[in-house]
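If you check Swiss-Prot, you get these features:
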type: REGION; residues: 2-16; note: region 'N-terminal arm'
type: MOD_RES; residues: Ala2; note: N-acetylalanine
type: DOMAIN; residues: 17-56; note: domain 'Beta/gamma crystallin 'Greek key' 1'
type: DOMAIN; residues: 57-101; note: domain 'Beta/gamma crystallin 'Greek key' 2'
type: REGION; residues: 102-106; note: region 'Connecting peptide'
type: DOMAIN; residues: 107-148; note: domain 'Beta/gamma crystallin 'Greek key' 3'
type: DOMAIN; residues: 149-191; note: domain 'Beta/gamma crystallin 'Greek key' 4'
type: REGION; residues: 193-205; note: region 'C-terminal arm'
Amino acid sequence: MASDHQTQAGKPQPLNPKIIIFEQENFQGHSHELSGPCPNLKETGVEKAGSVLVQAGPWVGYEQANCKGEQFVFEKGEYPRWDSWTSSRRTDSLSSLRPIKVDSQEHKIILYENPNFTGKKMEIIDDDVPSFHAHGYQEKVSSVRVQSGTWVGYQYPGYRGLQYLLEKGDYKDSGDFGAPHPQVQSVRRIRDMQWHQRGAFHPSN
C-alpha cells in the first residue's frame, strides 16, 4: 500500500515513527517494535540491542534508561551491529529511545565559542559541515542556538566521536546538549526522509 504514503503530486508524506530493535546482530533473535518513546528498553523484553531497523524516523537513542548518557541518532535504514550507530565506539549499550520531530525543511544554527551565546560565532544555513576547522572556525563550542531545523553535532571532524542532538531552541552551555566538554567539530542536518542503507556513518555516495 505504498500509495497511501504518496500525495497526488508524488511527494512522500511523513510516516508515523517506527523502529525495530533486535537482540542479536544482523536482525536476528527476539525483537520489539516501537512507534513512540521508550524510557527503558529492557521493559519491552529486549535484554540488549544487537541491531536496529528504522522503518520510519528519525530517532534518538541513549546509552542509559530515561534518555540519559551518550546519544545515538538513527535515521531510516539498517544498523546491523552496535558500531554502525556509534562512531565513538565507547559503549554498545542502548537503553532508551524516542522519535525526533522534524518539522522544518529549513535549517539554521549558530554556534558560539563561550557560554550564554558570547564570543566568536559561526552561523550555518542549510548546509552540512564536516569540518569546522576547514571553515576557519577553530574555537570551542560552548553554546548553541538552533533557529530552525534539527541537527546533530559531533565531537570530531568527519561526523565522528560523540553525537549531540540539537533540536530547535537555545543551549546556554555544552552541558545543555549533553557534551562533557565544549568540543563540537562537525555538524549535519537531520532530514526526515533521508535513507542510510548501512547506518548514518556509512552513507552511500
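Even glycines carry a Cβ here, placed using N, Cα and C.
Outside the domain 'Beta/gamma crystallin 'Greek key' 3' (107-148) by six or more residues, the chain places 157-159, 166-174, 176-177, 181-189 with a CB less than 8 A from a CB of the stretch. Remote same-chain partners of the region 'Connecting peptide' (102-106), defined as residues 6 or more beyond its termini with a Cβ less than 8 Å from a stretch Cβ, comprise 14, 58, 126, 148-150, 168, 190-192. Per-class residue totals from DSSP over the domain 'Beta/gamma crystallin 'Greek key' 3' (107-148), listed helix then strand then coil: 3 helix, 22 strand, 17 coil. Residue counts for the domain 'Beta/gamma crystallin 'Greek key' 1' (17-56) under DSSP, split into helix (H, G, I), strand (E, B) and coil, are 7 helix, 21 strand, 12 coil.
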